[in-house]
């Protein structure tokens, strides 16, 4: 069952008294439902509660077939209707419980970090965890989903500013497109449980592969490079093909990096301003950020403290 289908079912569900089971405020978006659809699939396909077996069929195949001609057809029909009524109640309760469980537990996430990840040294693990928590998971719910990217877009180019400035409007639209592609690619690569979002464990697995590629070829995967290009271009407001120290700091504010840490990183990578921060140098900075294993180094942006 797809999340969109669950949304429709929630809108139609009624209690025994004929009233709708979910109020408008209780109806969730498909993106919110995606996190527990897999659990619902298991629940709906396992009928141990009532021991009722429901056969999935198309319109041409009856769900119940009478094989007897002994005059008990009516009784069987009534029994079948009773079973179906009971099953409908059970299904409704399962949806309600799953929704409640999801709301109650999303902020209490226990993450079992799988190790070893051969390309992530122990001394870099905290930095990568902090990068996930402070940079990607903007609402601190333990997951990275499209809501986090929407918040990032709003931070970089607020909607009310874009509505007043044609150039910013185009820039915001372009940023949305880049972020959408990056998010889809990230899910395609890292969403191991297909819930439409990335948790810390999944992200560290992705980073293990990304860092492995950097060590081998000194290149980011094309899909990952797209995120850095989008961030860089969004902050290149002066069209000088370079990012100033202030613009670099503004960019890292999005990542919840303090000004002192961003200034130290900028000075280090540009050799105190001798090199222009064009995209090639920015990309080099990001590579060194992920590869650096020296504690308290300016390249760590203070995330290893």
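From the backbone N, Cα and C atoms, a Cβ is placed for every residue, glycine too.
Note: TrEMBL annotation is automatic and uncurated.
Straight from TrEMBL, the features:
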- 123-159: domain 'EF-hand' (DOMAIN)
- 178-213: domain 'EF-hand' (DOMAIN)
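Residue counts for the domain 'EF-hand' (123-159) by DSSP state, with H, G and I taken as helix and E and B as strand, are 26 helix, 2 strand, 9 coil.
Each residue in the domain 'EF-hand' (123-159) has a pLDDT score, and their mean in this model is 90.
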